[in-house]
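Novice: OK, Swiss-Prot features for this one:
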{"type": "ACT_SITE", "residues": "CYS142", "note": "active site, acyl-thioester intermediate"}
{"type": "ACT_SITE", "residues": "HIS235", "note": "active site, proton acceptor"}
{"type": "ACT_SITE", "residues": "GLU237", "note": "active site"}
{"type": "BINDING", "residues": "LYS163, SER192, ARG249", "note": "substrate binding site"}
{"type": "SITE", "residues": "GLY111", "note": "site 'Important for acyl-CoA specificity'"}
{"type": "SITE", "residues": "SER192", "note": "site 'Important for substrate specificity'"}
Amino acid sequence: MPVKIPDHLPAAGILESENIFVMSETRAANQDIRPMKVLILNLMPNKIETETQLLRLLGNTPLQVDVDLLRIHDKESKHTSIDHMNTFYRDFEDVRHKNYDGLIITGAPLGQIDFEDVTYWDHIREIIDWSQQHVTSVLFLCWAAHAGLYHLYGLNRKILEQKRSGVFVHRRTCQHFPLLRGFDDEFFAPHSRFAEMDVEEIRQHPQLQLLAESDEAGAYLVLSRNNRNLFVMGHPEYQKSTLNDEYHRDLAQSLNPNVPQNYYRNDDPKADAIARWHSHGSLLVSNWLNYYVYQLTPYDLSDMTAMTPWESQ
């Protein structure tokens, strides 16, 4: 959250140059405060586990967040009871008339399937298109990040020969972005995917900005220049055991998976896993929710044209 300071205080310029969020008394006096309304499109097989992971991160912010859970209405969930889905999830027809401050679209176990061949691809496209007019900011995770870059910006992904699984070191490629406030120069994040985006295509796209990358895992954080879409190529929401669970699941299915890199102590799958990314995941979601949702969204959600442009802040 910002530090409120007197108008024209000399320290303001110094703090802003250090990427510290300060707010003048004049602007603070004109701020309206209400709960943030966030919609989560949960495409992961284990709905309850993913709900818990995302709500854990949203609940670690200073803001009050009201959450709605969204499903693809004609897609049966094989790993979550129909009672749970009917009780807690909404269909798109229930929300298409609404506006939201934020939308999170999760990953999905569809890494080797062409987007156009995904059975519910038309529904995904419809929701993404809807979000550009009805949501202040959209957070795309892993598979959804690739899908969003493909649908909105025409970028194609490359299928990897083997699944990329592990915890990798990343670095910021920019310094003075609100999303990166408080980030270390290098930080860890987990990945679990069968595809990657071309870093140079992202760099050269006029509507996109590459904010963080990894020598081993490639592009990680990509932000649209209108600040509306944030693409996260990894899984900062994962809990400590998730990569281990996926590894043993794939072993049980005789898929001959590689051991997740930099995850187990001494890279020994019989040893304990080491969670190195939780503080990063918490900071990433907190910064997104604060700087790209709360600071930009209109008080009256019925008027999405009243969004505050970044340039005026």
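Cβ from N, Cα, C; glycine included.
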Novice: Within 8 Å of the Cβ centre of LYS163, SER192, ARG249, which other residues of the chain have their Cβ, at the recorded substrate site?
Specialist: SER165, LEU243, GLU246, TYR247, ASP250, PRO257
Novice: Using Cβ-Cβ distances, find the residues under 8 Å from HIS235 (active site, proton acceptor) that belong to the same chain and are at least 6 apart in sequence, listing them in sequence order.
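Specialist: Spatial neighbours, sequence-distant, of HIS235 (active site, proton acceptor): GLY107, LEU141, CYS142, ALA189, PRO190, HIS191, SER192, THR242.
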Novice: Report the largest Cα to Cα distance, in Å and rounded to a whole number, among the residues LYS163, SER192, ARG249 that the record lists as binding substrate.
Specialist: 14
Novice: Taking DSSP three-state, what's SER192 (substrate binding site) in: helix, strand or coil?
Specialist: strand
Novice: DSSP secondary structure for ARG249 (substrate binding site), reduced to helix/strand/coil, please.
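Specialist: Reduced to three states, the DSSP call for ARG249 (substrate binding site) is helix.
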Novice: Cα distance, LYS163 (substrate binding site) to GLY111 (site 'Important for acyl-CoA specificity'), nearest Å?
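Specialist: Cα to Cα, GLY111 (site 'Important for acyl-CoA specificity') and LYS163 (substrate binding site) are separated by 9 Å.
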Novice: What is the interatomic distance between the Cα atoms of LYS163 (substrate binding site) and GLU237 (active site), given in whole Å?
Specialist: 19
Novice: Can you count the other CB atoms that lie within 10 A of the CB of ARG249 (substrate binding site)?
Specialist: 12
Novice: Restricting to the chain of GLU237 (active site) and a gap of 6 or more, list residues whose Cβ falls under 8 Å of its Cβ, or answer none.
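Specialist: Set apart from GLU237 (active site) by at least 6 residues yet with Cβ under 8 Å, we have THR50, GLN53, LEU54, ARG56, LEU57, LEU141, GLY281, VAL285.
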